[in-house]
């Protein structure tokens, strides 16, 4: 019977090594590829930093995606550029956006990114700012974000109701300057002789009798109504007397009108001049103009000159 291979697990079931303190500050060193050829420089660097809490990664491997970093693990990220800045341009050229996409999640809140030879220049931190880091005293710091639940209010904000002003209740001794009661009686300001004086009517308020005729009241007792009626009657009689100068009846329209006879002339004395000069009731309206004294006959509604 052939023998079968046997695998033996030699790892201990219980690891009694001291657990790593999570409160210790960890440091990540980022080195350009050229520093690997100088072993003495790496030895000097590890003499400065504690190896138990310090990790070293190459920038070219980090940029190529060959290395993964733990999340929120480092308090300080130091880019090795030599103290004299000999490798500054090389290191900054490798700090691309892909490197920051891996580096930023590995930094703790408030962790800092620094250069070995000094602070970042104004034009050297563009990719760090785009990655979400904030400039602070020549270095870049990861801001400490806080998560909080915010309730969503979709309704309209209710307006605060303004309480009405309390109504003032008038009491004894309450003074209100906005009431309609007069504080001073105007009649008390006049003496007895002032009240007895006749009222002086201004000249501009007096009616102009020459231009405007006064009208009598409906129940006039001063005699103005009788005076106005007498004036109207006199004016009417005068107008009737002027109309009686020439008044033709219906049966007189067929008679001969002779202007040579005394008393047979019109009141306007313009009957012979034409329609433009004749009265409204003139019997010669529509006839042509004729000479004064010319015989005019109106027979069967036809004028014969």
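Placed from the backbone N, Cα and C atoms, the Cβ positions cover glycine too.
Listed in Swiss-Prot:
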type	residues	note
REGION	21-150	region 'N-terminal SAM-like domain'
REGION	151-195	region 'Linker'
REGION	205-222	region 'Fe-S binding site A'
BINDING	205, 217, 220, 222	[2Fe-2S] cluster binding site
MOTIF	268-271	motif 'Cx2C motif 1'
REGION	268-282	region 'Fe-S binding site B'
BINDING	268, 271, 279, 282	[4Fe-4S] cluster binding site
MOTIF	279-282	motif 'Cx2C motif 2'
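Where Swiss-Prot records a feature, it is marked here on the structure.
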residue: 217; record: [2Fe-2S] cluster binding site; contacts (Cβ under 8 Å, 6+ apart): 224, 225
residue: 220; record: [2Fe-2S] cluster binding site; contacts (Cβ under 8 Å, 6+ apart): none
residue: 222; record: [2Fe-2S] cluster binding site; contacts (Cβ under 8 Å, 6+ apart): none
* Asked: So what's the average pLDDT for the region 'Fe-S binding site A' (205-222)?
  -> 69
* Structure fact -> Minimal Cβ count within 10 Å, across the binding-site residues 271, 279, 282, points to 279
* Asked: What does DSSP give as the helix, strand and coil breakdown of the region 'N-terminal SAM-like domain' (21-150)?
  -> 46 helix, 32 strand, 52 coil
* Structure fact -> For the motif 'Cx2C motif 2' (279-282), the DSSP residue counts stand at 0 helix, 0 strand, 4 coil
